[in-house]
Amino acid sequence: MSNTGMNMRGKITFYEEKNFQGRSYECMNDCSDMTSNLSRCQSCRVESGCFMVYDRSNYMGNQCFMKRGEYSDYMSMMGMKDCVKSCRMIPMHRGQYRMKIYEKENFGGQSHEMMEDCDNVMDRYRMNECQSCNVMDGHWLMYEQPQFRGKMMYMRPGEYRNFMDMGMSGQRFMSMRRITDSCN
């Protein structure tokens, strides 16, 4: 049985301008649409916890993992071209990590159960790509390229039959990493 920290609080503050200038918006939980709070976002400060930030509302589009720290010009640093439109707090997880990856959509093709990070699905499992998965335990980041590079996608426990439904059209994932950061 997994133990996800329900009482863990995160705090991230977004700023309209670089170097923590301009209007700010403080967030301590999930926010599906930030556009009413800030017109743009050029920097942020994560005081506690870990967050995923998204360039589209409703947790869609390009994603970026943010852990405790200061990001004075994170838009260019992270390669995000547009304003942050939504963010999701990642709860602390204690316990095992388990995810089953599938080569094809709708849990088709070759499959493998993972409990550890995988820096290259082609080398380890002889899979050309991963197009669906079932996250049983823990929180994971999936990357479009081997060695944890390129665009990423946050995966929390649940079934993911088709990554296109999550706004990742044409995306294939070649490496996966457990979110083991202390996030505090």
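Each residue's number is its place along the chain shown, starting with 1.
Yeah, the Cβs are placed from backbone N, Cα and C, and that goes for glycine too.
Residues or ranges marked as domain 'Beta/gamma crystallin 'Greek key'' by TrEMBL: 10-48, 49-91, 138-180.
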Averaged over the whole of the domain 'Beta/gamma crystallin 'Greek key'' (138-180), what is the pLDDT?
88
Would you mind splitting the domain 'Beta/gamma crystallin 'Greek key'' (49-91) into helix, strand and coil residue counts from DSSP?
4 helix, 22 strand, 17 coil
